[in-house]
Amino acid sequence: MTSTESLIDRRQLSYIAAQAADARLNVELETEGMTLNIGPQHPATHGTLRIIARLDGEQVVWAEPSCGYMHRGYEKLTEVRTYPQVTALVNRIDWLGSFANEVPFILAAEKLMEIEAPPRAQWIRTILFELSRIANVSLFLGDLGVQMGAITPVFMAFRDREYVLNLIEGATGGRFHPNFDRIGGLKDDLPAGFIDETRVVMKKLRNFCDEMENLLFGNEIFQSRTRGIGVIPKDVAMQYGLSGANLRASGVDWDLRRDQTLPMAWNKVDWKVWTHPDGDSYARCWVRLQEVRESTRIVDQLLDDIPSGPVMAKVPRIIKVPEGEAWVSTENPLGEMGYYVVSKGDLGPFRTKIRSASFNNISIVPWVLKGVYVPDIITILASLYFILGDIDR
Amino acid sequence: MNAALLAADLPYWAQALLRVLGGVVAVLLPAGTIVYVFLFKMMSFMQSRLGPMEAGPYGSMQLFAEVGKWLQKEDITPERADRFIFKIAPLVVLVSTFLLVAVVPFGPDAWFTNFEAGVFYMLAVSSVSVLGILIAGWASANKYSLLGGLRAAGQLIAYELPMVLAVIGVIIQAGTMNLQDIVLAQNAGSMFGWDGLGNPYILTQFVGFIIFMIAVQAELTQTPFDMPIAESELVSGYMTEYSGFRFLTFFIAEFATAGVFSLIASVLFLGGWGIPFAWFGWDTMDSVDNWMNVVGPLIMVTKMMLLSFIIMWVRFSYPRFREDQLQRFAWKVLVPVSLVNIMITAILKVAF
Amino acid sequence: MSTDAVAAIPGDTLRERIVDDLRSAIGDALLDSLVKPGDDVWVRVRTDAWRATGLALRSLGFDYFCFLSAIDWMPSPFGKGEDDPTAPAPERDDTIAQGYAGGETRMQVLARVVHPTLHVGVNVKCDVPDSEPVVESWIPVFAGANWHERETHEMFGIGFAGHPDLRNMYLPSDFEGHPLRKDFPLLARIVKPWPGIVDVEPLPGGSDDEEGDAE
Amino acid sequence: MPKVPGLLKGLGVTLNTLKRTTIDGANTVQYPHEKEAPPVRARGVIALREDNCTSCMLCARSCPDWCIYIEGHKELAPPRRAGGKPRQVNKLDRFDIDYALCMYCGICVEVCPFDALFWSPEYEYSEPRIADLLHDKVKLGEWMETVPEAPALEAGAEKKGKK
């Protein structure tokens, strides 16, 4: 890994570049600027994000994302829905890692009701959570290639993600929107054969990670495109509330799976939180690659000792959540996904604040894009990794 | 081809017509083959899929279906585009491809034109396509296209130089700029007195070959040098506003140029249409048997496929550079290396 | 590996100490606090001390900005949109009751900051004056508050003094109303009657209490 | 890592995949000609067993999208035992699911107390007109044929009385 000095040098360089870009506006021999509208329909925005960039040549002087093209008003919609109905809604927030969206909401509701899912349900939840992380991040790895002009990785990503989605569908019935989590447990137990199949798939996924490492991460062109680009220092990352791999890539050793006590099975197995000191695009991508590997390890270990028993705690048939407020966040594929649920003892939440990871992760874009080149906008956006539904909710 | 024509002693117009037809075949056939074999099939297989399978057996007619699809599409010109320039730009690109193929020899007598400054002409004409791309980008009245066109201009100019310098090594070694004579020099030559393989310059000019292929990759705007097109940033760059037939023209030109450059590279470095003359006891052009006029083009196509395989393989495997990195690479790595290559070649040429 | 870190996860004593530290930093601007055992900590501060609270929390080591939003405590006058449009409007309780750490106004701003090494978070609330719904901006404290304040402004109509650019994030700039306020109707639930209103037609002339609904 | 291997390794990966696809076949399925069977639990389309439905409205009321429309009336049915009183039953007049609105959450299937709704993995019912996605009770009844048996559960699962 690169030494700390070189990191500091690079950070300084990026600051200098940004300042130079700022200063150039005031220089007398100013070239005529150009405003480039990236999006709302643009292949690099995974949906409809629009970025307005003022350019000087190919250098970005100022950039501002404009979102809202996919605002679905989930916070308002939760206010007219009952708790079971909300889970069907929230797994559409980050549609690539949908099961992971349900878990923190259900945990928040369970916290208010002061019940806990039986151990088997916790185990299966964790397995599905990690599977959706794998499905989500492996697509990220492929998409990264596309953003940089390599077309093959994305097909490999789709190929291997398919196995994971088949597993999720086999267990929950929904490929993208499992809606499998219930207050007090799970809708159903795993179907027979799930464990063996998952083991096979996890091997394939590790193989996929190796392939990606050879095809993309080891490629010198890829490295020259990402190393030292879009450096986010630790303190800035914290101020903007970056989370997940973006924060860990800036050298912050923080993983909500490890650092809080949740009724989930993460702390029952042995795994590692990967960090990277550089804070650049490469670091973010690299941390994610390692996380996919780590997730396959977590799943493998969890499969070894799933406790037997029921998957549903005793809950009333009509769920009324007692009055109170609860905040639960989990380490989702994109970062910290949390729900602040305010209940008034009703059938549905009184107010739900959905703290989605991408919203914070993208709010740093105006800061980080200053002074980079147009092609770097794409790599930085790709490495920050956002899902439009997760920004706009 | 030409041997037969000369024997029949056709009138001038008929010869001209046949040459034009031959040129069209020599441009479109490689283009179609490359698109089907590499773009449709090889790329798909490299991505664990089968590619088009519905049109014809194994999708072999897919290309015709695509052409039909493009011909049906509306020919859109942006409102604020410079109409005339916008419309001729694809043709400029395609014409440069046709002009290129004119100097490529396919056999001892199978050539369209055979003149002394063949290499010079080839290098000169290949940069015409830059003009087409630049005006396409400019005339589209689109910021993405403009960026793409400017990138293309900067990139293609940067890569013209290494390409020329790489070819100079070949010229020094062959002592001629006539492509036909370069073929002869490679096949009739010998390496350090051993003539079992002739003297294909890929062995003696390996550095030149690598630089030439890198420059070709950039010239063709194929990944890793496809910044002018860059789907994920510039949304196809200078091609953004083109549709229907005009887009098809760009598309054909892209792959036809890939084919023609592979042909040229095989002439310059792989011995062109020839096989080592020592195998058959030939020593000069005149002693080559007439059947080489039939076998020669087939050998050429084989070599072309080999080289385009490499071009496409790289294209499907690599991410792309950034524009400034590419310029740095061209000026700081390729140009010095090729200059050193020329120097060493010249010294060795004088020494031996 | 992971188990070590879990053992270090803080308990309620730490949370109480945080409240004490905060109280000594901002004095009586801290109006109310709640430490829920084994769960989380809530504090409510005076409106004029909103930014000072942020700064105090930062100096206490709460460097990680999680989110900033607001809560409208007024019960919705529209219910869940499941009323029969032909029947008279049902009576609804419209008393405003604030949640943890109390409150006096209809709307409250809510933010959460986290200590990155102690892994403990604090939920900070402050009342938004009903007459003039403006609080201080947190941008000088956490640069990331920018977008959250824009969103809150758009959704609740709460102003943030000192915010450079309170444009709408999601909605068109000429949109009227603040969608997350409870008195903003959710049109999707109003334009269409609830399919659950309709009941099974009773047997003509018969009593309908036999083998009735499964509810 | 020296400069060249990274680039060459990448070429190796694509060449390997090319080889694997040629020898072992592709990972894709040529859709209209061959079809992948969806898993048993797949939520494809909702089937209705009309005899079981008592038009209790539970599904329509718990639907988050309001896409189930039920109308019914009460009528007298012959007694279960000979000599008993005639029973009063709810007779279903209309049971429509608007698949253009449905978001396939499965809440209706879960809340149904009389086992009248089932998931079928069938997925090929796209329509050129959006209005045709409103399936009435006849069409929903036809899906019953495609409803599979519930799958066996993984080892360690608690045996349930139901299913």
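Cβ coordinates come from backbone N, Cα and C, glycine included.
Predicted automatically and left uncurated, TrEMBL annotations should be read as such.
Panel annotation: around the transmembrane segment (B:20-40), residues 1, 51-52, 59-60, 62-63, 97-98, 101-102, 104, 106, 112, 252, 255-256, 258-260, 262-263, 301, 304-305, 308-309, 312 of the same chain, lying at least six beyond its termini, place a Cβ under 8 Å from a Cβ of the stretch. Residues or ranges marked as transmembrane segment in TrEMBL: B:20-40 (among others).
The feature transmembrane segment is assigned by TrEMBL to B:84-107 (among others).
Within the chain carrying the transmembrane segment (B:119-141), a Cβ under 8 angstroms from the stretch's Cβ atoms is held by residues 78-83, 85-86, 88-97, 99-100, 103, 147-150, 152-153, 156-157, 160, 163-164, 167, 170-171, 177-179, 182, 219, 221, 228, 237-242, 250, 253, 257, 261, 264, 268, all 6 or more beyond its ends. The transmembrane segment annotation in TrEMBL covers B:119-141 (among others).
If you look up TrEMBL, you'll see B:153-174 (among others) marked as transmembrane segment. For the transmembrane segment (B:153-174), the residues of the chain that approach it from at least six positions outside its boundaries are 119, 123, 126-127, 129-130, 133-134, 181-182, 185-186, 201, 204-205, 207-209, 211-212, 214-216, 218-219, 221, 225, 227-228, 268-269, 323, 326-327, 330-331, 334-335, 338-339, 341-342, 345-346, 349, judged by C-beta separation under 8 angstroms.
The transmembrane segment annotation in TrEMBL covers B:201-220 (among others).
The transmembrane segment annotation in TrEMBL covers B:247-275 (among others). Through the fold, the transmembrane segment (B:247-275) approaches residues 27-28, 30-31, 33-35, 39, 67, 70-71, 73, 90-91, 93-94, 96-97, 100-101, 104-108, 110, 119, 122, 126, 129, 132, 136, 167, 170, 179, 182-184, 186-187, 198, 200-202, 205, 208-209, 212-213, 216, 219-222, 239, 288, 292, 296-297, 299-300, 303-308, 311-312 of its own chain, all at least 6 residues removed from its boundaries and within a Cβ separation under 8 Å.
Marked as transmembrane segment by TrEMBL: B:295-317 (among others). Here the transmembrane segment (B:295-317) has Cβ contacts under 8 Å with residues 30, 33-34, 37-39, 42-43, 46-47, 104, 106-108, 110, 213, 216-217, 220, 222-224, 226, 258-259, 261-263, 265-267, 270-275 of the same chain, all six or more residues outside its ends.
Per TrEMBL, the feature transmembrane segment maps to B:329-348 (among others).
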